[in-house]
There are 2 protein chains.
Amino acid sequence: MDGTGAGRARTKGSVPTATISRLPGYLRALATLMARGVVTAPSGVLAEVAGVRPEQLRKDLSLLGAHGRRGVGYDVAGLRAELEATLGLTRERRVVIVGVGNLGRALARYPGFPDRGFVVVGLVDADPAVVGTRAAGLLVEPLERLDALVRDQEATVAVIATPAEVAQDVCDRLVRAGVRGILSFAPRPLQVPVGVDLRAVDLGSELQILAFHDHHRSGGGR
Amino acid sequence: MDGTGAGRARTKGSVPTATISRLPGYLRALATLMARGVVTAPSGVLAEVAGVRPEQLRKDLSLLGAHGRRGVGYDVAGLRAELEATLGLTRERRVVIVGVGNLGRALARYPGFPDRGFVVVGLVDADPAVVGTRAAGLLVEPLERLDALVRDQEATVAVIATPAEVAQDVCDRLVRAGVRGILSFAPRPLQVPVGVDLRAVDLGSELQILAFHDHHRSGGGR
DNA sequence: TAGATTGTTAATCGATTAACAATC
DNA sequence: TAGATTGTTAATCGATTAACAATC
């Protein structure tokens, strides 16, 4: 019951964030199944490969408006194309990486990015010793060039791999340059305006959380 | 009301995972405040620096059994020590990294690890061309040495930075060797037995989630 | 048709936010 | 004491799980 609709249950804009965060996993599972030559799969099989429960997968897909066939399952290739369209992966995304230290350099070469439709089009660093060097086939440019680079290369996504101290400043610049999504590895909370999407990965925190569970000897039984 | 207790509200074991995942952020905020010479801070200030709401911070701390002073706030140094004890950071944690490609190498050198009490004590790779090379002052050892390395070095935590295909096998070996926490960067869901803690970071998925929001033009207003 | 599996509604669970009495 | 701020309870919200009628 959504009152608004004339009939075409669109769902757009109302997809829960938890659902969205599982879509890349579903996509990967579908790719795996396709590679195995599987044409049709019931929710149980798909969920197993994706590492979730069948009910959750069905619920997520129904929230998206994707459909399977009762008594049969889901069309693997069809669903994959549908999810790719939902995630906007039909268009190539252009990425700028700011901070070309060990981590930034590793990310520039990370094969998982091109594999999933992301092209690194620019590298930026504040250190004069790093500027002018090459990484992953790209010339590292100075911080002053950030704005021009984002615009010229039409980058819509950026990765922040700088020290924490400068991360907010870099973030502000990226937003001003028109970037719409930011993935930050800086161990510090960042502020972005509404309309810009920020995701943060804090590697040190991840280890500390593991330490907590270790420390408290989780689980008694097997 | 927990029925069990005689009086000493211990809370141990019943801390929500959402709360635990925020503790490293609180710890960072406290370190920042201490560096600024702040001795006492109310929840509003602490929460602001940590990037959360004051009510949530107070709730989290109360679930942990940490206490502030009404009308005054929290003792920065004291709370920090308390959280470090809760997270088990009083003891140094020893980490093995499996997979010494670009990402593994970057993680081996990542300053955020030693900064937070983690020491990388071993590097392992399956590629004969990589074995025997040095990274971050450590010799890369072959996969066969994994078990002995974990035991000899008393590593309790491991990082998986291998290709997806071998990740589950590496994971199984790590578990057998006695590792209690695993941080995986492999783009594939992994299975671990109860009692072992697994956290997974999938860099490609993070970008795809950003792409979704970009694609669907989030937020209308400012 | 009979069997299988979806799509959806309802029930449960967990986490966040709000409100305020306790108390420093 | 008066003012400020905690600690906790209650209300809300969102997400997961269960159950099952619809239907291929």
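Every residue, even glycine, has its Cβ placed from backbone N, Cα and C.
Because TrEMBL annotations are produced automatically, they should be read as predictions rather than curated entries.
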DNA-binding region per TrEMBL - which of A:25-64, A:145-184: A:25-64
Among A:Gly99, A:Gly101, A:Gly104, the most crowded of the binding-site residues [Cβ within 10 Å]: A:Gly99
Tertiary neighbours of A:Val100 (NAD(+) binding site) (same chain, Cβ under 8 Å, six or more apart): A:Ala108, A:Leu123, A:Val124, A:Asp125, A:Val130, A:Thr133, A:Ala135, A:Val140, A:Ala161
Position of peak Cβ density within 10 Å, selected from the binding-site residues A:Asn102, A:Leu103: A:Leu103
